[in-house]
Every structure is written in C-alpha cells, then in structure tokens.
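Asks: What TrEMBL shows for this protein is this:
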{"type": "DOMAIN", "residues": "4-345", "note": "domain 'Aminotransferase class V'"}
{"type": "BINDING", "residues": "41", "note": "L-glutamate binding site"}
{"type": "BINDING", "residues": "75, 76, 100, 148, 167, 190, 233, 234", "note": "pyridoxal 5'-phosphate binding site"}
{"type": "MOD_RES", "residues": "191", "note": "N6-(pyridoxal phosphate)lysine"}
Ligand SMILES: *Cc1c(COP(=O)(O)O)cnc(C)c1O
C-alpha cells in the first residue's frame, strides 16, 4: 500500500513511472541487463539520453535557439556555474525571494561577481514576490520562479532586456512558459520531474557563447557540456532514465497545459479550505503570490501541529511537516499528485478543524 506523499523533494513519483522502472530494472526490455549496468556510450543508453532531451524540449516547445544540458551536482551547483560561465565582469542582478536565491547570491559573491539585489521580501519573511524592475543592461538578471519553502510563486516572470535566468527547481515542467523572455531555465529534477542526481537546464546559445572564451575547468563549463551532449564524463544514467519516463508520463497526461490546469485546480481546492477555516488554518504567502506547488500554512493553535501531522500519517499521508526554517505545515502538490489525493488531504483538514476548533 502506497501512502499519499506530500514531500517537498525528493518527492512523489507517478505510479506508472515507478512501475515501468520496476518492470525493467532487472531485465531492460528483455535485453538481459539493467539500464544501470551498461555503458553511457552504448546505443541502448544513448537512445534513452537523447530521447529524454528531445521530449523535454518538446514539452516546453523550446526551439533550436536553446541547448538542453544535463548536470550532476543539483540545482546548487548551478548557483556557482552561472556566475562562472555567464558573468561578463559587470553587474549581475538578483531578486531575493528566499533561501534559494540567497544561496545563489552567495555563490556569485564568492566568485567576486558584482551582485546587486534589486528587490527583497526578506523583511516580511519572504511571504510575497516583490514588485521590481531589472536594469536593461546587466550581465544577467536572476530569479527563483517558485519558492519551495514559503510557498510563493511568480505569476509571470519579469520582462527584461537583460538575460533572464530562472531557477525553476520546484515548478519545473508544471506549466508552459514563454521562452522568448528566458535566457536560461534550470532546476534539479527531483521535485517535479524525476529523481535526485540530475539537474537540467535550457540555455540560449548566446549564453553558451559566453562560456566558450572563459578559462573554466571542463566539468564546470557550459560549452563543454554542449560539445559533448552532456556526456563529457559519465552522466547520472539511472536518473536520466527516470527523467525520460517522467517526460513520457507528462506527454501522456496531455502535456504542460493540461498539467497546469490540474495544478491550478488542486491548489485552489486547498487554499479555499484554508481561507474558509475561519482562522483555524492560516496561509503563509500573500494571496496574490501563492504557489501552485507548495502550499505552506500554519495552524493558528501551534500546539495542534504535531497532532495534525500524526493524524495525517495515521490516515496515510506523509511529508506534511513544514521546512525547518518556517515550521508549520507544507503540502507539496507537484505534478504527480492528482486532485483525488489533494481532496483526501482537504477532507482531512476540514475534519481536523471541526474536531479541534
Ligand atoms: C530544492 C531547491 C534547490 C536545491 O536543489 P539541489 O538539487 O538540492 O541542489 C534549488 N532551488 C530551489 C527553488 C529548490 O526548491
């Protein structure tokens, strides 16, 4: 019996994806070996690898102005690779909306990049997305599209003439995006598109050009990844296989518009229960910036928190404890959590409020 898993990441995977992986784990499509056991240079794995890239680009409808790259080292390694590869020695601008942007800023500062914070919501505990405008002529402008801990999300990305870089780790492949305004979109895939061990980025070719002339170790250099189809060394083959299955699953669901529709419905359902609880539950993020992915809230009576978590678990629901920075409750309702599962949580929440008000 599988529980309903609201973990923030690594997180729930679609049943279909897990079952297919299980079926093929021991004997990959009757070939007599596991996909984990063969060379990344062989035809069998290469098919998986290039198909994963193709399907990912297809889902986002990304054109050939962009390269898709696979990395290890998580989204966090990109916090360092971005300044290494894309800084031109000028200014890099950041919107500071939480822990993940702070970490990205810190890495850029370690690398002696001139970092400017154009806006921050830190004073109010990162409970909203600030209003701001990036300069037109900086090396790059950086945002985090969905703030996993606080449950805030950009409704629309800022329009900017400077190259826009987006950490989309926690809303990756959750909706279509207008790439005409994006220079680089990246994320670890373990939240919404696969398992840990793989980070993925879409990078516009003029950004790749920047890295070419720079003196950077090979494994840290974007152009080396492009020249080697992200196989300069051994890639995370099993994580790429799982990502491939996840891309197929998303296509089978009807693609990103369809997934987005479901994501909107799911989030609406939970936020309505919070808002109609007469103060029993209190949403963390400002309403206009609420995340469709991570629903962070408190129980007004903090003493009830552990009881809530325990009873949720007794009812087959896990992963609801808020991030340690924030406390409270967080329900991560990524792509693979369907409306039915969210409704079960919602009914539990209503029932819990009624019994404990
Ligand atoms: C989880 C997360 C990260 C860190 O990802 P790693 O793959 O663990 O490095 C970065 N950014 C956001 C928005 C995240 O949610």
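Just so it is clear, glycine is given a Cβ too, placed from its N, Cα and C backbone atoms.
Curation does not apply to TrEMBL; its annotations are automatic.
Quick one: where do these features end up spatially?
Replies: Within the model, the domain 'Aminotransferase class V' (4-345) carries an average pLDDT of 98.
In sequence order, 231 make up the list of same-chain residues 6 or more apart from residue 41 (L-glutamate binding site) whose Cβ falls under 8 Å from its Cβ.
Around residue 100 (pyridoxal 5'-phosphate binding site), the same-chain residues six or more apart in sequence whose CB sits under 8 Å from its CB are 75, 144, 147, 148, 167, 169, listed in sequence order.
Long-range C-beta contacts of residue 191 (N6-(pyridoxal phosphate)lysine), restricted to its own chain and to partners at least six residues apart, with a cutoff below 8 Å, comprise 8, 9, 10, 11, 148, 169, 170, 172, 293, 332, 334. Residue 191 (N6-(pyridoxal phosphate)lysine) falls within neither a helix nor a strand when secondary structure is assigned with DSSP, and so counts as coil.
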Asks: Using a Cβ cut-off under 8 Å and a sequence separation of 6 or more, which residues in the same chain sit near residue 234 (pyridoxal 5'-phosphate binding site)?
Replies: 40
Asks: Between 76, 148, 190, which of the binding-site residues has its C-beta surrounded by the fewest other C-beta atoms within 10 Å?
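Replies: Each of the binding-site residues 76, 148, 190 was scored; lowest Cβ tally within 10 Å is 76.
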Asks: Considering all pairs of residues in 75, 76, 100, 148, 167, 190, 233, 234, annotated in the record as contacting pyridoxal 5'-phosphate, what is the maximal C-alpha distance expressed in whole angstrom?
Replies: 31
Asks: Does DSSP give residue 233 (pyridoxal 5'-phosphate binding site) helix, strand or coil?
Replies: coil
Asks: Counting across all protein chains present, how many other Cβ atoms fall within 10 Å of the Cβ of residue 75 (pyridoxal 5'-phosphate binding site)?
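Replies: Other Cβ atoms found within 10 Å: 25.
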Asks: Using a Cβ cut-off of under 6 Å to any atom of ligand 1, determine which of the binding-site residues 41, 75, 100 qualify.
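Replies: Within range of ligand 1: 75, 100.
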